[in-house]
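Under the heading ATP binding site, Swiss-Prot lists 153, 154, 155, 156, 157, 158, 159, 160.
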């Protein structure tokens, strides 16, 4: 470190996580420079320059015990974290420090968490499908390799369980490296996830970065960037990497807290005025280049189940596929509780997924939409008042609805049913048989919580 890097300043004000530090006027730190409290590992990140040598910083750690007059040193560079293979199999915090008690991370390469998004001419769009083994996702909202996917849902409809199943199915099949960023979620879930990865022997291919619910807003705001920086490094080395974020809403919420602490005027619903810019900075970096790809799966909490809330609404525009989880479907006991009429994907195009897949998807959605329209009539007048065609549509729709459910590997301990991975060909074949009327003679309960259509036929035999 040069002597210029060790310019010292003094704390002049502490308000919660916001710390004002005074430096000599001719050597003020730059925006996003990392400052370190003398005699401790506490890091502060410069957010504003107030003039007269004073900078306003956000504390990346607990501010307990801080007081005016303490000495702070300027590192003269942004927060940098270790990247590369030494991070695999490790749990790190927002600063890239290990928190798994397995010794230091022996990485020679570090990288700043603030990077520019790749230039337009470096991007590489892909239409190659990524099979997940989850019927409703592969059929209704297929994922693209190198694409961005959002799992939208309110509290308790299964975002994290769906995310875990996707990790289980894709990360194990994929065989490449994955990065998991736990942004403001429960520590218990982070612990469960670590042990899940360890038990399935894929931990040596996953880097875990956690900034959990109990941490200060600065940590939760920056931890997504820490995880993304690690994923970008693997991509720039020419690898195809999976990047999981749980939960992108907590990133926004941390931004709101920081914004309020910094004294900015709030915008709609109390969110920060820079919401779109902050989300754009993060999302534009999650992209595939000619060197390698980042396939990203992000859980997005929907406050009060309102998809028009500014936070989920801002996220929508950045995604290639949106998987919307519905409380109404969850209340029917159908899991995964994916809404097949609300969920979309840019891959739903006959030129990308093929004519057969496209037509089956649209026919399934038409049948379900017809059932949705008829539900009020059924509630008031009953099934008997429907025409024979409508009765048939309703029967098929109810079978489709149940066939969209599936037992998950990660939920085996709760359900007692072994998890099922259903290949895309089997998914298309099963739904084709239902919409073509080849399963009209089977009872609808035979389709609930099965994998392939053959299992539904076997279950029907047991029922009858």
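Heads up, the Cβ atoms here are built off N, Cα and C, so glycines get one too.
Overlay of Swiss-Prot feature records on the structure.
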residue : record           : Cβ contacts under 8 Å, 6 or more apart
153     : ATP binding site : 159, 299, 300, 301, 302, 324, 325, 326, 337
154     : ATP binding site : 301, 302, 303, 304, 305, 325, 327
155     : ATP binding site : 301
156     : ATP binding site : 330
157     : ATP binding site : 325, 326, 327, 330, 337
158     : ATP binding site : 325, 330, 335, 336, 337
160     : ATP binding site : 185, 189, 246, 299
Cβ within 8 Å of the mean position of the Cβ atoms of 153, 154, 155, 156, 157, 158, 159, 160: remaining residues of the chain near ATP: 301, 325, 330
What count of other C-beta atoms do you get within 10 angstroms of the C-beta of residue 159 (ATP binding site), across all chains shown? 27
